[in-house]
Amino acid sequence: MNNFMTILLHTYLSKLKTKSFIVTTLITVVIVAGLANLSGIIDYFDKDDEERIAVIDETGVLLAPLQEQMDALNNNISLIAYNGSEAEGENAVKDEEYKGLLLLSFTEEELPEAAYKARSIADSAISSELQGGLQQLKTQMAATQINLSPEQLSKLYEPVPFDKTALEENAKTEEELNQARGLVYVLLFIIYFAVILYANMIAMEVATEKSSRVMEILISSVSPIKQMFAKILGIGLLSLTQMAFILLVGYFSVKQNLDTMEGGFFEFFGFGNIPASTIAYALIFFILGYFLYATLAAFLGSLVSRIEDIQQMITPMTMMVVAGFMIAMFGLSQPEASFVTITSFIPFFTPMLMFMRVGMLSLPVWEPILGIVILLVSIILLAVFGARVYRGGVLMYGKSNSFKDIKKALQLTKNE
Amino acid sequence: MALELKNVTKRFGAFTAVDDLSLSIPESEMFGFLGANGAGKTTTFRMILGLLDPSGGKITWNGNPIDYSTSPLIGYLPEERGLYPKLKVKDQVIYLAKLRGMAKQDCLKELTYWLERFKVPEYANKKIEELSKGNQQKIQFITAVIHKPKLLILDEPFSGLDPVNVELLKDAVMELKDNGTTIVFSSHRMEHVEELCEHLCIMQKGQPVVHGSLKEIKRSFGRKNLIIHADYDLSFLKDIRGVVKARQTAEGIQLQISGEDAAESIFREVAVKGFVRKFVLEEPSLNDIFIEKAGASYE
């Protein structure tokens, strides 16, 4: 047991100290903190002065109501009456005195008409806001012309009441479902990246030890099986450390910005009220998924003798993770499709699919439990089989990068 | 008998790598384990270390089976250098020594001693990949012996070293032996084996073809080497009865003969012919025996 801890700690600490690990973690933390503070950052860059627009109002009556409309839309556009000629106005815009020049006039039907001139029309935000304000103004004026009362007008524009209710008990409401979708989406991404990242790390570790032949010394001191599991746990601990660090930073920056978070981005991702069960399931399926793929990666890594061959060896495994992720993405919009239900019980897909289903739907409790049991059993089977392959695999050198080598590796460990 | 192999056999499918090998090596003895490539040396070492299970037979150390509980007693220097290229020498040696059950403090003390002894104390904080091959081999040797093993297995310990460093390592190996370590040692350099080992075994295709003490092996081989230097042509000696092999050298001829009687008749022949500057009858070299028995030359 002592040796087990030595290997575990060595794997954990030596990886923890590598530059690449520290840099990756820091970059991720910066991204997470950036996302959490997104609205603050946008505000910071956007708080520059109001956009000043020069207005030549030929009618003399449109400017005031238009300014009212613009204020109601709550944007930073300020309209300023310009007294010079059109040509002078154009020059003032060219001299960057104003952002743009708006010419207001009446059509033959006494309705507003406008022309907008700016140095460039690449920034469509201002012109479309002006257009929107003017559109409303026009609607009001046209309504007055045909003698519609404001009540009649609002009746015209009132949206139709449309209410959706799920009949099944415990079923998630539309709002909840949207929230769940955002959260599940983010967590799925985390599981997906983590499994690929750390499984790769393990396969690389094993292949490095093998190609540098340090493996022979290691397994003459410690049994390969002990060594394999110590390594898997060591990297597992590393992954949890990284996750914990990122989540902690994420949690605190989200908490800090809780007030500014209403609406938009955060509500979409459903971070307002995170259901504890979803997080718990995410953790369980992340850990189980990690062990499943880590064991697979360790024994695949034990079969190659050169680091260059490792990618080729673990590609099928990576494809499997990608396939699981794709199905999960499809499942986000149709979580009840029977295809998704069935595949969520296939061990290699369970971590992502069962998690997606349990996060999106109100599953009877036996379903996720069955998924967890299936995963546990597969992990144990894979570990027993993988350990035998590993034991032989680490002793095999030479051109070995096909799946036939699994048979050869098993043969090595057999006592005839 | 400290290390005992009884009728050990290892089969990989239809291929038999080691066939009915029995060896017994007493404590504090240096045992030479020789053989051509693929003769089954590494497989035997791996079985002794417990990395492979024998298909038949038994391996014991002082009467007990060898497994992971005995691993602190065993030191191993593999044929291929096996160290983490990215790790510092100090971290590396400490990690591997800890796995052999050593405490960190003792380990640092021993490491300093060995690095000084091998005249490379400045390498403690260097990465392995920054060292030359010969210096990596020294570090590899340190990892094999730092925990003071009772049984030391050295697979080609001197490959890649210059003569000065070979001497450094040889001295260290001799000292370990004198302090009671049992050493099993494989090499393709016969002069090293001749110099270090009292007992040896030559393997061929998984079977021991020669086994015993160095002296006995040489005596029972029968043949001897005869070196003659003279100013006239000696090639006629090739046809004399009792001459097995002849090789012309710059100053004369080197013969392998079947025994001392042959030497006598050759002496009479050359005495008639004329003056001889050198006439030496020698024990056969291990190299000769190896070539004869294992069927290939390794130099």
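Including glycine, each Cβ sits where the backbone N, Cα and C put it.
Marked as domain 'ABC-2 type transporter transmembrane' by TrEMBL: A:19-387.
Taken from TrEMBL, the feature transmembrane segment applies to A:21-42 (among others).
The transmembrane segment annotation in TrEMBL covers A:183-207 (among others). With a threshold of 8 Å between CB atoms, the same-chain residues lying at least 6 positions outside the transmembrane segment (A:183-207) that come near it are 11, 15, 228, 231-232, 235-236, 238-239, 243, 269-271, 274-275, 278-279, 282, 285-286, 289-290, 293-294, 296-298, 300-302, 304, 306-307, 309-310, 313-314, 317-318, 321, 324-325, 328-329, 332, 351-352, 355-356, 359-360, 390, 394.
The feature transmembrane segment is assigned by TrEMBL to A:228-254 (among others). Listed by sequence, the residues of this chain that lie at least six past the ends of the transmembrane segment (A:228-254) yet keep a Cβ under 8 A from its Cβ atoms are 3-5, 7-12, 15-16, 21, 24-25, 28-29, 32-33, 36-37, 190, 194, 197-198, 201-202, 205-206, 222, 261, 266, 271, 286-287, 290-291, 294-295, 298-299, 302, 383, 386-387, 390.
The list of residues near the transmembrane segment (A:274-301) in space but at least 6 beyond its ends in sequence, with Cβ under 8 angstroms from a Cβ of it, reads 180, 183-184, 187, 190-191, 194-195, 198-200, 202-207, 210, 228, 231-232, 235-236, 239, 243, 310, 313-314, 317, 321, 347-348, 350-352, 354-355, 358-359, 368, 372, 375-376, 378-379, 382-383, 385-387, 389-390, 393. The transmembrane segment annotation in TrEMBL covers A:274-301 (among others).
Residues or ranges marked as transmembrane segment in TrEMBL: A:313-332 (among others).
Here TrEMBL flags A:338-356 (among others) as transmembrane segment.
Distant neighbours of the transmembrane segment (A:368-390): 206, 224-225, 228-229, 281, 284-285, 288-289, 291-292, 295-296, 298-299, 302-303, 344-345, 347, 350-351, 354, 357-358, 406, 409-410, 413; these residues of the same chain sit at least 6 beyond its ends, with a Cβ under 8 Å from one of its Cβ atoms. Taken from TrEMBL, the feature transmembrane segment covers A:368-390 (among others).
Within its own chain, the transmembrane segment (A:338-356) is flanked in space by residues 184, 187-188, 191-192, 195, 281-282, 285-286, 288-289, 292, 320-321, 323-325, 327-328, 330-332, 367-368, 370-372, 374-375, 378, which lie at least six positions past its ends and keep a Cβ under 8 Å from the stretch.
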